Amino acid sequence: MSTSPSQTPGSSQTPDGPDGPDAPDSSDSHLLGPSDVRELAKALGVRPTKQRGQNFVIDANTVRRIVRAAEVRPEDVVLEVGPGLGSLTLALLEAADRVTAVEIDPVLAEHLPTTVAARMPDRADRFTLVHADAMDVTELPGPPPTALVANLPYNVAVPVLLHMLAAFPSIDRSLVMVQSEVADRLAARPGNKVYGVPSVKANWYAEVKRSGAIGRNVFWPAPNVDSGLVSLVRREPPKTTATRAQVFAVVDAAFAQRRKTLRAALAGWAGSPAAAEQALAAAGVDHRLRGEALTVEQFAAIAEHRPTPA
Ligand SMILES: C[S@@+](CC[C@H](N)C(=O)[O-])C[C@H]1O[C@@H](n2cnc3c(N)ncnc32)[C@H](O)[C@@H]1O
């Protein structure tokens with residue numbers, strides 16, 4: 001199998017390839033259109049897998065829209081997780097100072113520098129590819145990333161996002177594309193029925209909001225779910241004497257049994273229902289509430305009052 005075609009494929013349409021709403025116009029000639037994606041995948045022998053969340057964007061307008069929504073600045077060092085064939089990478093390289101991309105798939109990882117060099121020779125020295133599982137990445141070559149912009153693999157989107165926010169405090173803005181329901185969950189506020197673990201943990205790091213919807217036909221292959229954009233702007237974490245791990249342990253316990261009151265849901269964490277009630281009282285939180293009503297600051301206050309085991 002060839003992993004390195006000698007040149008980047010052209011852009012002729014073929015009937016059996018992925019089709020999208022917008023073929024690139026001449027000003028987008030370095031971006032990937034539907035036939036470019038199909039031909040690149042074919043040349044590399046890539047068969048997109050669900051397991052790796054491989055749905056490639058085939059629409060130049062969509063990648064431009066993502067870059068605009070991310071407010072990428074000329075001085076930004078952008079971290080992209082899962083660059084795939086390079087659809088978003090090329091648009092990021094137009095706008096940022098540097099792009100560092102982390103890709104798990106060996107064939108995609110090996111070939112992407114070739115695509116970048118062929119499509120954007122003037123910017124190729126500003127691109128770095130790291131072949132790794134994003135969940136294992138704790139350091140990156142080059143200057144620290146200032147922004148995270150990614151069309152995340154859907155099955156690991158939340159853990160990858162939270163991992164990157166924890167591992168790279170230099171990231172002050174993120175714009176991620178995720179499954180629409182996950183976008184709702186990430187951006188949910190207390191009291192919302194989809195508010196849960198991802199909402200609270202994301203809010204530990206950032207102010208989170210939904211930033212638009214993306215249809216299915218801008219991908220190849222088209223997923224069977226809609227997508228949403230989520231914007232995260234770094235904030236100071238809540239002021240607390242508890243560690244992040246201690247706060248997240250309370251969050252996990254509260255939502256593991258989300259139908260139960262906090263007194264019952266936190267019994268295991270505190271040692272007993274009575275101990276949970278005591279910790280909640282000390283934190284100024286009504287023990288009859290459920291986790292879905294609490295802010296991240298309230299979870300932090302509860303974590304500070306965990307009873308010491310006898
Ligand atoms: C939804 S596709 C996005 C591809 C490309 N950015 C685009 O928009 O066309 C997700 C990409 O993430 C990669 N990927 C999946 N799991 C990963 C992981 N744990 N770490 C790094 N990359 C991963 C896949 O191989 C794939 O290239």
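Cβ atoms here come from the backbone N, Cα and C positions, even for glycine.
Taken from TrEMBL as is:
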COMPBIAS  1-17  compositional bias 'Low complexity'
REGION    1-33  region 'Disordered'
BINDING   Asn55, Val57, Gly82, Glu103, Asp133, Asn151  S-adenosyl-L-methionine binding site
DOMAIN    62-236  domain 'Ribosomal RNA adenine methylase transferase N-terminal'
Counting across all protein chains, other CB atoms within 10 angstroms of the CB of Asn151 (S-adenosyl-L-methionine binding site) number 28
Which same-chain residues, if any, lie at least 6 apart from Gly82 (S-adenosyl-L-methionine binding site) yet have Cβ under 8 Å of it = Gly53, Ala101, Val102, Glu103, Ile104, Ala134, Ala150, Asn151, Leu152, Pro153
Please find which two of Asn55, Val57, Gly82, Glu103, Asp133, Asn151 have the most distant C-alpha atoms, given that the record lists them as binding S-adenosyl-L-methionine, and give only that distance in angstrom, rounded to a whole number.
-> 21
Counting across all protein chains, other CB atoms within 10 angstroms of the CB of Glu103 (S-adenosyl-L-methionine binding site) number 26
